[in-house]
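Following: one structure in structure tokens, then a few remarks.
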């Protein structure tokens, strides 16, 4: 039989996992899915809340806390994140022929390009790996600043460079963006329909990265993302695209 303290830790971790898996749970639902009594679930949730691992929203439901996001980002680390994202970047290049990037927020309030896979076209975007970028007026910045576009992706034209269009989606464990996946295209080569197609692919790869499956199913969840207008005509960041 496990020691009582070990059993308590096990229950707390199961409860934390349930909250993270669901994204939001009431006390009653948390007790039900973990098969704990309401009093035990409440006691453990209060402890998790006090240590920042869960938080209560305005409706009283429990959500993953900032500490979960922080530990997740630290556990991945930049090197691990690059290794995890490399297959996604390679698939995006194969499916689009365009250059694909992985970016993360930096400590100085900007972003930095960690990794890229170069496109296959003769005219393609050159590597920006290691280069910092402003968060304002860029597709990557829009999602790294916490933007969660209903479409699942952001499109910005003429952001950092003239005649370049960027399409980005957030990697958001626990609802907070810790990285961005993006594709960069010469603007003359992309139409609104192509931006939609690429945006869905980028969003699917970013979502698959969270599951650690390493692949996005063709026609998967990104196919259900609503896109109501021509992305190239939308000012999705609130600034000049």
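Counting begins at 1 with the first residue displayed.
Yeah, the Cβs are placed from backbone N, Cα and C, and that goes for glycine too.
Since we're looking at a predicted model, the values are computed, not measured.
The domain 'HTH iclR-type' annotation in TrEMBL covers 6-66. The domain 'IclR-ED' annotation in TrEMBL covers 67-241. According to TrEMBL, the region 'Disordered' annotation covers 214-241.
Across the domain 'HTH iclR-type' (6-66), DSSP helix (H, G, I), strand (E, B) and coil residues number 39 helix, 7 strand, 15 coil.
Here the domain 'IclR-ED' (67-241) returns a mean pLDDT of 76 for the predicted model.
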